[in-house]
Amino acid sequence: MGVGIQTMWSILLLFSCIFSAASASVSYDHKAIIINGQKRILISGSIHYPRSTPEMWPDLIQKAKDGGLDVIQTYVFWNGHEPSPGNYYFEERYDLVKFIKLVQQEGLFVNLRIGPYVCAEWNFGGFPVWLKYVPGIAFRTDNEPFKAAMQKFTEKIVSMMKAEKLFQTQGGPIILSQIENEFGPVEWEIGAPGKAYTKWAAQMAVGLDTGVPWIMCKQEDAPDPVIDTCNGFYCENFKPNKDYKPKMWTEVWTGWYTEFGGAVPTRPAEDVAFSVARFIQSGGSFLNYYMYHGGTNFGRTAGGPFMATSYDYDAPLDEYGLPREPKWGHLRDLHKAIKSCESALVSVDPSVTKLGSNQEAHVFKSESDCAAFLANYDAKYSVKVSFGGGQYDLPPWSISILPDCKTEVYNTAKVGSQSSQVQMTPVHSGFPWQSFIEETTSSDETDTTTLDGLYEQINITRDTTDYLWYMTDITIGSDEAFLKNGKSPLLTIFSAGHALNVFINGQLSGTVYGSLENPKLSFSQNVNLRSGINKLALLSISVGLPNVGTHFETWNAGVLGPITLKGLNSGTWDMSGWKWTYKTGLKGEALGLHTVTGSSSVEWVEGPSMAEKQPLTWYKATFNAPPGDAPLALDMGSMGKGQIWINGQSVGRHWPGYIARGSCGDCSYAGTYDDKKCRTHCGEPSQRWYHIPRSWLTPTGNLLVVFEEWGGDPSRISLVERGTALDAKKL
């Protein structure tokens with residue numbers, strides 16, 4: 001190619017790129033989001049990048065695309081990206097730019113929910129814990145320290161996206177951004193400061209000039225030009241606060257979260273499809289499945305408190321990235337049917353006619369197109385309806401879609417996809433376990449602090465660990481009557497949560513724990529004390545920090561008292577104001593026993609002398625990765641409570657000892673769904689299997705470390721492959 005021609009080609013290419021970026025635009029009217037001048041029905045799904053591994057991302061995105069999605073929606077997780085003030089992290093599972101670019105490579109759009117409050121059953125709602133200790137701070141209100149920190153992080157994310165040219169107006173995939181998150185109920189509770197904060201947040205976000213619309217979910221008074229959107233199991237009755245804004249549903253709840261101690265929620269595919277079709281027929285044009293792939297709360301990222309390590313959410317793609325049938329396929333077919341109506345849906349508003357006492361037709365008819373949705377809202381009875389000269393059979397609680405106003409191509413209750421059954425197949429058991437017992441900490445050790453009275457746990461640990469020791473000495477005189485009459489004194493402890501192990505003179509006296517509904521707990525038990533000095537050691541254990549509510553700066557955990565000892569010669573002692581010695585974390589954590597190098601720093605016991613069913617015990621074993629690429633999990637059904645690591649990476653908290661309470665029974669797709677309906681695994685562990693990402697393994701010599709708080713039988717831990725088997729018949 002000649003120099004002149006090459007120069008001309010370069011100029012043309014440059015102008016082409018400039019024109020392409022300049023012509024890219026995102027706007028909206030009352031019908032839809034408008035991308036580059038085209039009104040779109042947009043189907044989205046939530047995939048949270050830190051809840052899977054970078055190696056999983058391409059397959060998850062591809063399966064989302066194959067499932068008929070146009071958009072991937074994700075939160076931005078502030079505490080993962082700014083673990084300490086001004087120190088940012090965007091690597092590995094937190095490589096946000098890489099994730100967005102992978103979405104772009106598949107030709108999908110992105111809805112970036114910057115927040116930076118996320119809720120999401122994520123630790124502290126996504127806020128970094130250091131934020132709680134900024135002087136004068138009050139969270140999510142008209143408070144200058146909070147607004148300054150929030151604006152700084154939001155600007156950081158927007159600047160990164162702009163630098164990588166990731167907004168649609170730059171030729172990138174981001175078509176929408178979200179500021180704040182479900183703030184409406186909080187604003188209603190706190191009043192004027194909340195309203196001022198909402199106005200400030202909207203103005204701040206719009207001022208960042210991203211070139212794409214901003215949204216606020218569950219925010220009825222979202223200031224213009226911000227679009228208010230709906231979250232919920234159903235959103236057909238939602239209307240945006242201005243007639244010129246589109247009807248958007250940012251969270252179609254495909255299931256519900258699992259909490260330790262709770263049954264496992266499911267939501268029938270038919271009802272999810274029904275809710276979506278009902279939203280579309282009522283004029284909705286953007287919907288997002290929360291979650292499309294839930295993933296895993298690796299490490300200590302689970303919030304709640306008491307959120308399980310699994311964030312499966314009964315999503316169309318399960319925790320391991322496998323399609324959940326029939327939900328994935330049934331929704332794929334729904335999306336195809338909706339897309340076949342797109343031209344009519346974005347052109348006109350529907351006309352609604354009654355077809356029966358509990359049946360309706362929603363018809364979108366323009367000069368060139370006609371699409372109809374025939375709905376049966378009856379939860380018990382099928383009906384035959386007449387429409388446009390034809391007869392249509394509508395099962396209970398269902399909607400049929402007719403892209404040409406004549407031909408039914410889809411009904412939400414008629415499932416064409418095959419159902420699948422989960423299979424967990426053992427591939428490795430009989431690990432060569434070794435044990436190391438974590439001895440009870442004493443007050444005279446190093447790295448301890450002695451203070452007058454009881455102190456809040458997170459204030460001391462700064463959430464660097466789940467564990468905080470509270471220690472004091474109880475001196476018993478030789479003349480105490482209980483030493484002779486055998487009536488042991490009653491020790492009573494009140495804690496803000498979340499779990500507590502009580503040790504006296506190195507021996508476990510009892511364990512208590514709370515729940516998501518009531519994280520506070522109390523211990524009250526007659527205890528064995530001897531004449532002289534008795535060592536009382538309380539191991540307070542957090543199980544994730546709350547992710548929703550008001551006044552985050554006031555939340556607490558740990559032993560706040562009172563602590564009393566009743567049944568002494570002098571009556572009852574109030575020990576709350578005594579001198580207490582504090583130690584953050586465990587010895588094993590400080591030694592790094594979960595790492596290859598740290599695990600060699602102590603003497604481990606193996607064989608017949610190995611500890612079993614002992615509290616505060618570390619276990620380690622090595623194993624080779626099984627062949628193949630099937631997803632892997634650990635079956636922890638024989639263990640109590642603790643944490644798991646693979647090659648130094650934290651799988652998360654295990655707690656199979658917390659048995660699911662509640663009621664499980666028959667599940668009908670028909671009728672209004674809520675999170676108490678269609679629950680499973682009552683009377684079983686809330687979570688038995690724990691996801692082990694393939695990418696964390698090497699072919700040989702993988703280090704598996706388990707810390708067990710209660711005591712368990714590690715010999716029964718096994719590595720399993722997760723797979724699915726399709727039912728022979730269609731539903």
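Yeah, the Cβs are placed from backbone N, Cα and C, and that goes for glycine too.
According to Swiss-Prot, the signal peptide annotation covers 1-23.
Of all Cβ atoms in the protein chains displayed, 18 besides its own lie within 10 Å of the Cβ of Glu182 (active site, proton donor). Look at Swiss-Prot and you will find Glu182 tagged as active site, proton donor, backed by sequence analysis.
Annotation comment: Swiss-Prot describes Glu251 as active site, nucleophile. Contacts of Glu251 (active site, nucleophile) defined by a Cβ separation under 8 A and a same-chain sequence distance of 6+ are given as Ser46, Cys217, Cys230, Asn231, Gly232, Asn288, Tyr290, in order along the sequence. For the recorded site, Glu251 (active site, nucleophile), the DSSP three-state label reads strand.
Residues or ranges marked as N-linked glycosylation site by Swiss-Prot: Asn459. Under 8 Å, Cβ to Cβ, and six or more positions away along its own chain, Asn459 (N-linked glycosylation site) finds Tyr133, Asn556.
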